[in-house]
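Asks: Before we start, here is the structure in question, set down as structure tokens.
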């Protein structure tokens, strides 16, 4: 019999009711401080990997014990994941970093069938979990005790302003015919078994994003990875796997004219994607992350029903919040438009959750796609039968490669 070493949980909880603290996610009014310790079952003497395939933690939330089960999100990166940035003289620098032993997880709460979790374990635990219908955020505290974490509700992060935050959607692309009404396609409103589909996503961060994060490529990389991990979690309810296949950072200058006029920027991004990006990187959809303030309180813009179109399978998203969860909701929303989803009503709820396809973004207990969004997506599949999302982006063991100029090099090249 294999001897098993059990690392037990020891944690203390110190609620700071009514206190305020400045965290990476913003100024938080009400939070708990916890010291989570991992439960690990390994054969005696076994070498523990840096990031295990499965992990388990215990927390106390509102005084009640919570067991958090986490599983590495092996769908997060495609087999040919790459990263591109630019040298000061404009040369493309492209690498294929090894991401097999990454630190991004999805999971659930024990004894809560409706629970979900999307967590980064890169430096402590950071992300969110849904418990009894309520969304909680967790992130490390910068204290002398490195094990301290804050747990808080999204609603307890102070609002930066009260202005309405809206999404734009364009339906007047001449190259794409309008989507038929659901009633024309004889959809079954009770049908929940959607087919498995796969989206290989490219995220492009513009030069303002690069400057906003102090020209730190690693900070931008981590932020985008966490956002896509959240998006991947949202789309599991639709049986869609979203994998990041490329991250491009415009580190020297923007490759297109970025304007506050969101429609003009979207048009320019569409042209660049078709004439440049698609010629060097196979993918299904590209989203532009920009730090410019878009016009008319717009947080994002995307054409409707254009997934797999060589020009229009795109969206733009303003980097509007330090809360990665809200950024994930915004980008998932724009991606939803590409998949044929129209806006829900402004007060749409699915149970206690806010609908992801609401026209405006507000903080809520949790976020989900509505039944209407599922039906819009299903009718898009029936009408257009998009082919690019049929292939499964299987993971392989990539090898980190040195770089010279704008070319990918073989491992070990000098």
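Backbone N, Cα and C atoms are what each Cβ position is placed from, and that goes for glycine too.
Below are the features listed in Swiss-Prot for this protein:
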- 334: active site (ACT_SITE)
- 200, 284, 388, 391: Ca(2+) binding site (BINDING)
- 333, 337, 343: Zn(2+) binding site (BINDING)
- 308-388: disulfide bond (DISULFID)
- 348-355: disulfide bond (DISULFID)
- 197-393: domain 'Peptidase M12B' (DOMAIN)
- 191: pyrrolidone carboxylic acid (MOD_RES)
- 1-20: signal peptide (SIGNAL)
Asks: Relative to the Cα of residue 391 (Ca(2+) binding site), which of the recorded positions 308, 337, 348, 355 have a Cα no more than 10 Å away?
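Replies: Checking Cα-Cα distances against residue 391 (Ca(2+) binding site), none of the recorded positions falls within 10 Å.
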Asks: Which site among 348, 355 has the most other CB atoms no more than 10 Å from its CB, taking these as disulfide-bonded residues?
Replies: 355
Asks: Can you check what DSSP calls residue 337 (Zn(2+) binding site), collapsed to helix, strand or coil?
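Replies: The three-state answer is helix.
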Asks: Helix, strand or coil: which one is residue 284 (Ca(2+) binding site) in, per DSSP?
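Replies: Coil, per DSSP.
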Asks: Show me the subset of 308, 334, 343, 355 whose Cα is within 10 Å of residue 284 (Ca(2+) binding site); these are the recorded positions I mean.
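Replies: Hits: 308.
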Asks: Starting from the Cβ of residue 388 (Ca(2+) binding site), draw a 10 Å sphere and report how many other Cβ atoms land inside it.
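Replies: So the Cβ neighbour count for residue 388 (Ca(2+) binding site) comes to 18.
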Asks: Beyond 200, 284, 388, 391, what residues of that chain have CB atoms within 8 A of the centre of the Ca(2+) site's CB atoms?
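Replies: Result: 198, 199, 282, 283, 308, 389, 390, 393.
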Asks: Quick one: Cα separation, residue 200 (Ca(2+) binding site) versus residue 334 (active site), in Å?
Replies: 15
Asks: Could you list the residues of the same chain, at least six apart in sequence, whose Cβ is under 8 A from the Cβ of residue 334 (active site)?
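Replies: Listed in sequence order, they are 167, 287, 300, 301, 302, 315, 316, 317.
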Asks: In sequence order, which residues at least six apart in the same chain have a CB under 8 Å from the CB of residue 333 (Zn(2+) binding site)?
Replies: 167, 300, 356, 357, 361
Asks: In whole Å, how far is residue 388 (Ca(2+) binding site) from residue 348 (disulfide bond) when you measure between their Cα atoms?
Replies: 31
Asks: Spatially, which candidate from the recorded positions 308, 337, 343, 355 is nearest to residue 388 (Ca(2+) binding site), comparing Cα atoms?
Replies: 308
